[in-house]
Ligand SMILES: Cc1ncc(COP(=O)(O)O)c(C=O)c1O
């Protein structure tokens, strides 16, 4: 259980014992400074709540760090994490590539100036018309994990490159994929052979070890499975050797995560051990890691009430499950919080959203403590909320508007909302 109390995240360690992290609100000092700059923007701009403020300087910083840690790897931003056009345009300017899930994301990237050849269609579930549209717009790289999808690609995107997604263990991920995607290494070899027969270019293999992956070792298992495919003697001789390491790198929530350098050390080591000098082309599809820490979701307290049924104090925010905080489902993602009354004495709370829906409760099993002075009109900031918030917001559930995004650049102190 994680207890977010005031300026310290208190975390129960596996095997017992409670550690008080020597960090600010569960984050590194650098990440705390980033969220302070976003607070400065929000305090000054005073936008209507709920809203998401994104600092493009943080996106640039994450992209630069990741590029430096994994030199030579092609970074394809997973657009679904935050499809705000200003975020995509910033990444186009940095020379990023893009992982997209639909024609809508392809059009978005093209509108922001992304070259069609920088786009990889990473969704294994697509209609023939979607494939045809992608091909017509110049996309030439597609993920697959099944024969029907492969045959659709061959029919609608002749001569395109295909990589095969294999299923890997998602243990350690806060939001695992279950069994929806991926095939066995043996099936991947068969599909890539079939791709060649169908006139496609067998390009390589991909995996995703689950989003917000807290165990760096997960990549070792994924890379080992990918090597099994690429080294298979049945692989087409002229196949391009590419391994796509997917997403999964973390943002900063309440659970401590390893440093980025720990993840990249495991990745580099696994690539060295499994491929030696014949290292394949390496792709990455980070979403959450590039934009998560760049955003703060500001909400207003609608109501604080004492629960007569004895469940304690309920704090209702104007942001909930349906207008930005979808990833609180199952309490998978536990955001760090900051309130306008920080410093006052704390007490336990249940946190809930504003709609007339019984599932619109954010945290009732994860222990959160907030100032006992908190009342309607105060603000609660959800930190590191730049990923999978605005893009998950419903259009109008209960008449609440979708979450609005404000982008600014703390390096330039220019607002670009
Ligand atoms: C195919 C694919 N690649 C990359 C990502 C991004 O993952 P993350 O945000 O964990 O980096 C996702 C997320 O769902 C995905 O489905």
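Quick reminder: no glycine exception, Cβ is built from N, Cα and C everywhere.
TrEMBL annotations: computationally assigned, not manually curated.
TrEMBL assigns the feature region 'Disordered' to residues 1-31, out of the candidate ranges 1-31, 32-62.
Each residue contributes its Cα atom, and for residue 80 (N6-(pyridoxal phosphate)lysine) and residue 356 (active site, proton donor) those atoms are 28 Å apart. Around residue 356 (active site, proton donor), the C-beta neighbours below 8 angstroms that are at least 6 residues distant in the chain are 398. Annotation note: residue 356 (active site, proton donor) sits in a coil segment as assigned by DSSP.
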